[in-house]
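Feature annotations, courtesy of TrEMBL:
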- 47: active site, proton acceptor (ACT_SITE)
- 277: active site, proton acceptor (ACT_SITE)
- 144, 324: substrate binding site (BINDING)
- 256-390: domain 'Alanine racemase C-terminal' (DOMAIN)
- 47: N6-(pyridoxal phosphate)lysine (MOD_RES)
Ligand SMILES: *Cc1c(COP(=O)(O)O)cnc(C)c1O
């Protein structure tokens, strides 16, 4: 054993593993979407830990960049925002019989209501001695959350009765689109039509609506006739494209998350070396393998063999199976490090995806490798990967 050990080179100053969140990109994307949506207001959707980007930093950045509202799926998520001191208008829309409606009313969180929640929200308002603010949700065709048109009259009249009692105010009507990422599909027109009818019925029944809202990110970008008073954008504020045939840059958006680590081991192997569980990949020549210390425990889909990893300016596909903690790239007969010296890529930055500005890999390539969408790739990056923040106000 040597008495002293030289520190190993860490070429890119990259920590062991990190998801870098570029808050300046978030601010840019919010401003971009806001200008597209104007005069409609913009709700920044920060559910699911802001699609994996970190709810609080994203929420603060989005508000500073001009977002008017924040949206979450769960009341518990909205309560975290309030607990952090965020006072902006907040809407939560996905409830269960265990949802703490009283806490939501007490915290001034607007509540989506598809039906059964109404009497629970009214009871919470009575207990808290504070009127709830309710957005009635109409199912215009998605077939998921929301009240079917057949039950809409009854829901509206029950809600207006509660409003007349002073228990709540119906401040919004909203719905969610099913196929807005495929702008040519006619179902969106049908959903808009049903939405207009539902809004008219609510207004005729006595609702004094502050916000009518229907559009998600793809509709915000492709269908101005869905904007109404407010758009609810998630994916776009993270700089990702919802469309098959248009990338972020073409939409004026900047991907906010970069996922990177260091090459953890670099070794020369002969031809015929099997790689990773199942030995599904076998080297066809003597080559250098690079070990990438990220796996499905970090949220990289196990199915995504072939996904891109950029090392020293070259993008390599993952070979063999992705394991819980690690995956392997084939660096080629001479590794890509300085002068081709074996092992020289040890400690080099390994980028799985980023903003693409340097020609580097994109989230969408991982989504393709995994047979999924960019939404899922970023949202599933696990808590084992530390988030670090750059840019911002
Ligand atoms: C998640 C969600 C959104 C945001 O959708 P994006 O496509 O990410 O913009 C909007 N509205 C509702 C009801 C949602 O659940």
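Glycine residues also receive a Cβ, built from the backbone N, Cα and C atoms like all the rest.
TrEMBL entries are annotated by machine, without manual review.
Cα separation, residue 47 (active site, proton acceptor) to residue 277 (active site, proton acceptor), rounded: 35 Å.
All protein chains considered, the CB of residue 277 (active site, proton acceptor) has 12 other CB atoms within 10 Å. On the backbone, the CA of residue 144 (substrate binding site) and the CA of residue 277 (active site, proton acceptor) stand 39 Å apart.
Put simply, residue 324 (substrate binding site) is 11 Å from residue 277 (active site, proton acceptor) when counted between their Cα atoms. Around residue 324 (substrate binding site), the C-beta neighbours below 8 angstroms that are at least 6 residues distant in the chain are 295, 296, 297. Fewest other C-beta atoms within 10 angstroms, among the recorded positions 47, 144, are seen around 144. Secondary structure from DSSP puts residue 47 (active site, proton acceptor) in a helix. Taken residue by residue, the domain 'Alanine racemase C-terminal' (256-390) breaks down under DSSP into 23 helix, 46 strand, 66 coil.
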